[in-house]
Amino acid sequence: MVHVRYGGQNGEQYELAISENHIVVRTESRSSLISDRPFEAAPVSPQARNILNQFELSTRFSQAGVEVLHVKEPSHDGALRDTAREILNQEPEVQFAGRVLIDPVSQQPIVYTENLFVKFDHEEDVSFCQEILGRYGLTIKRQLEYARNAYFVSAPSNTGLAIFDISERLLNEESVELCHPELVREFRQRQAFPPQWHLKQTTIGGKTINAHANVEAAWKLSDGTGTIIAIIDDGVDIDHEEFRSSGKIVAPRDVTRKTNFPTPGNRDNHGTACAGVACGNGNFGASGVAPGAKLMPIRFVSALGSQDEADSFVWAAQNGADVISCSWGPPDGTWWDDKDPLHKQKVPLPDSTRLAMDYAINKGRNGKGCVILFAAGNGNESVDNDGYASYEKVIAVAACNDFGTRSAYSDFGTAVWCAFPSNNGNPSQTPGIWTADRTGVVGYNSGNTNLGDQAGNYTNSFGGTSSACPGAAGVAALILSRNPNLRWDEVRDIIKRSCDRIDPVGGNYNAEGRSPFYGYGRINALKAVELALPAQPEPVSIFTAVQDVPINDLQISQLSLAIANTNPIKSIKVTVDIEHTYIGDLVVSLNPPAESGVLPIILHDRKGGGADDIKQTYDEVSTPGLTALKGKIPQGTWTLEVADKAQADTGKIRSLTIELGF
C-alpha cells in the first residue's frame, strides 16, 4: 500500500494498492502497443510481442501518451507483470514500463507520474520556496497562478514509488501547506448506464424501452454542477463509490442522533438509493439525474411530525441546499386493496414543519428559495389527503412506468405536479430503476446479479414515487445549474412547462392540461434545461400611480392608472404598496381595462393574518391569473381594488406600479 494525503498534514489520508496485474507503458512514438489494427501497433521484438499477447488494453491516457495494460488471466504474485516490465524496458521503442496503483475498493487503475503539487504558506518568499524544492531534487515545471506559492514540480527520472515518500516528507516541512503526487485516473463522460432506461432510450433483455425523461440529452447543457441536493431520508452510504469523489458530500447531518454522521442503520437502504437516483456521480455503475450536483445527506428516522422533521429543513436551508428531496410521508394504504382504511386517512402538515418548510422557501438560496419536492405516495389513493405532499409550496411527484403510463401504485389528485419514471409491478418490462445501493451485501442487493451487480453496490429494482421524487429533484438541480438566479417558484413553473403529456387517452387531462395521475405530464429534462436560460430582454414600459387612498373598515378603495400603449402584452409584473395593520382583512384585485375582456385578477385573498402592510410584486409565476393578459392591448384604465372585509383595522393604498413587456 502507498498513501496520499489531501488537505495538508492534517488532511484525510487515502490508501492505494499496487496492482499485481497492471502495467503502464509509454512508447517513444506515442503509438499503442496493443491495437485492433496490428499495422498501427508500435514496433517491438517478437519476445516483447509474445509477452504483450498475454495483456489487454485497460485504458489509455492520450494526453500523457501512456496506456494501462491488464493481464488477461490475473494472478496474485505479480510475476507476469514483473516479467513484462523487464522485457519491455529493454525495447528501444518503449520509454518506460512501470507499475500501476489501484483503488482498493473499486479496483480502478490509477497512474502515478513523477510530478508533485506543492503549496507553501502564504508568507514564504519565492527564493525560500525554490530552496526547499531544490533540497529535494525537484524541478519547477510551473508556478501556478491560481494559488499563492503553489508549484507544479517534477522529480528525477526513475523516482518511481519514492514519489510518495517525497510527498510525505515535504508535508512535514513547517513551511509546506499542501503537497501530493500527481495521480491520474480514467476520465469518463457522464453516462447513462445500460440498465438506466429512465435516463435515455435503451434496450434491456432485447426490448427497446422508450419511456425516459430525456436526461442524458440534457447533460450536454447541464449536469447539475454548482448545485446542492439535500436528501432527507434514512441515511446515505457516503462511502459508496458513486458519492466518494472529492467535495461531493456537503454538510452531512443526522437530525435523529444529533450528529454529523448520516450513516444508515442496519436496515436503512432507502436513502442511499434515493441519493443515487438524484445525483450519483456515474463514474462506476449508476448515474444520477444530476451527476455534477453535490449531495447533502440528512438522516431523519424520527416520528412523522417530530421536531426533528422540522430541523431537517432548517439544516438544509442554512447549509446551502438548493433542492430538498423527501421520499417519505404518512403511511400508504395497500395499493391493490380498495378496502384498506388507510386510503381514507387525512394526515395534516404540522405547523412546526410547515414553518420550517417556509423558512427554507423564504430564506434558502439567499432568498430565492429552496425547491422542495415530495413523493406523492404509493397507495393508489388521493395525495390530497397527505398534508406534506399536497402543501402548496412543494412539488408532488407521481410515478410513471416503463410503458409510459401510470405506475399502478402511484397516488393521484389535484396536488400532483408532475411525473417521473419509476417501476411498476405487473406488467413490467424492467425490474425497476437501476441505482446505487449500500456497498456490499448489506443493501437491497446482497450480491445477486438478478438483483443488480455482483458486488452488491447497485440495485436494479428501486422504485415507487420514492424513486420518482429524487429523479425530479435532479432535474431541478439541472435547471438551477443552468440558471442559478431562478426563484423556487420559477423552477417549479419550468418543470411544469417542460412536461410531456403522456398517456393522452388515460391521463384524464383537464382544460389547463393537468392530469390527476401525471400532473402536467412526465418531466422532459432537456426541455427543462432549455427553458432555464433567461429570455432575451424585451422592451419594457413601467407605469406608476402614487396617491394615498384611505382603506376604511368594510369599504372598497381604488387607485386607478391610465395606460395609452397599444402594443400587445408579452409579460406583466404588478407591484403594490399598501399600508394596513391587519392584511388578513384584505382582498386585493387588479381590474384590467374593460376593453381587454379580462376579469378582475385576485392578487391577495385575506392571507397573512395580523401582519402589517403589503409591499409585493406579482408576476405570471406567482399569480397565474396574470397570464390571461398576454396578447391583450393594455390601453385603458387599470384599477387596483382593495376590499376591507373586517372591522377594527384601517390603512391606505400608497402606490400601484405595472411593468409591461412588449
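If you go along the chain as it appears here, the first residue is 1 and each next one adds 1.
Backbone N, Cα and C atoms are what each Cβ position is placed from, and that goes for glycine too.
Taking all protein chains in view, 27 other C-beta atoms sit within 10 angstroms of the C-beta of ASP233 (active site, charge relay system). In this structure, ASP233 (active site, charge relay system) is part of a beta strand by DSSP. What Swiss-Prot lists as active site, charge relay system is ASP233 (among others).
Here Swiss-Prot flags HIS270 (among others) as active site, charge relay system. Around HIS270 (active site, charge relay system), the same-chain residues at least 6 positions away in sequence with a Cβ under 8 Å from its Cβ are ASP233, ASP234, SER327, SER466. Secondary structure from DSSP puts HIS270 (active site, charge relay system) in a helix.
Summarising the annotation, Swiss-Prot assigns active site, charge relay system to SER466 (among others) and lists sequence analysis as the type of evidence. Around the Cβ of SER466 (active site, charge relay system), the number of neighbouring Cβ atoms within 10 Å comes to 27.
Sequence annotations record features per position, and here Swiss-Prot assigns domain 'Peptidase S8' to 196-529 based on sequence analysis. Summarising model confidence by region, the domain 'Peptidase S8' (196-529) averages a pLDDT of 94.
Positions annotated as domain 'P/Homo B' by Swiss-Prot, on the basis of sequence analysis: 535-662. DSSP labels the residues of the domain 'P/Homo B' (535-662) in these numbers: 12 helix, 66 strand, 50 coil.
Following the DSSP three-state reduction, the secondary structure of SER466 (active site, charge relay system) is helix.
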